Amino acid sequence: MYLSRLPPRSIPCRSINQISRVVARSSKSRLEFVGSYQNSLTTNQTRCLRPFSSTSRSQLRDYFPEADHEHIKKTEAAWPHPNYPKEQMLTNISYAHRTPKDFSDRIALYLVRFLRFSTDLATGYKHDPVTITENGEKVLKKPYRMSERKWLIRMVFLESVAGVPGMVAGMLRHLHSLRRLKRDNGWIETLLEEAYNERMHLLTFLKMAKPGWFMKFMIIGAQGVFFNSMFLSYLISPRTCHRFVAYLEEEAVLTYSTAIQDIEAGLLPKWTSPEFRIPDLAVQYWKIPEGNRTMRDLLLYIRADEAKHREVNHTLGNLDQNEDPNPFVSEYRDKAAPHPSKGIEHIRPTGWERNEII
């Protein structure tokens, strides 16, 4: 490329002075920026404990900061969370599977297994179980693949679609009640509360991880497919949909149980660090007492919620979809006998049979 040479040109002294002042100001601002940037990095390293993010550490911020209003001090949850004693979460909650009894149950189970395979593939989930040797030592057969970051990726993706079934079912039952000019017998509130609870799980994890554009794209696609599939399926067979959600919650209980075992085995050091703090959102929603605010405690609460959803949907799948009342908000004649409730003191992992409660 040919460049023409221009004759040399003298620069006035006044221009030289102006240029010198500009350079001095820019150098000073640059030094101030570097200093503030280093301070922000140091602050984020000590204060920001978000293990997974698609952005650089210096760009991390509160994913949905609380707005400061002139007249409103605080907005409480629409559905206050019931109290879960820690002893009950440890003794009453565990993985359980309901054996399919008819063709509808088998269809629901096969769909859940396919969805589980697809989700594992999408989130990169691959867990190597811990084996116990004769000496009682815990040994991994293969190099461990799950980390805090991978667990959060999986949890964010799962909870982003877990709130869909309850909202779809509640919406359709609401419209069904309007068309029939009849009461719904309490189903709508429980289904909407379930969707709300799943959304609180998502918001809690978003306080620890900010998804990138690829995760957001996956969530949009999964939500679009899942919502429309649930919408059409619930119109055809509500009972099959409730069984499907119950089997899905069985997998959720298994997932969180595995994560809790990993924490207890010391495989997730960032979550067992004394500096780690769970989000204040979780403390306020679950009313977590002081001294029980570790990541393990948080996952115990979330696992208990998933176990409750498992019980609710297995039970609703056993009832008459049009006539039976919601047993989880009903008042029983014999209050001393075990019966469905919002708590976990009498939780039934595979659901209550119709002849036990109606």
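Each residue's number is its place along the chain shown, starting with 1.
Cβ atoms are placed via backbone N, Cα and C, with glycine included.
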Taking Swiss-Prot at its word that Glu159, Glu198, His201, Glu306, His309 bind Fe cation, choose the one of Glu250, Glu353, Glu356 listed for that site.
Glu250
Which of Glu148, Glu249, Glu251 does Swiss-Prot put in the same Fe cation 2 site as Glu198, Glu306, His309?
Glu249
Rounded Cα distance in angstrom between Glu250 (Fe cation binding site) and Glu198 (Fe cation 1 binding site) is 15
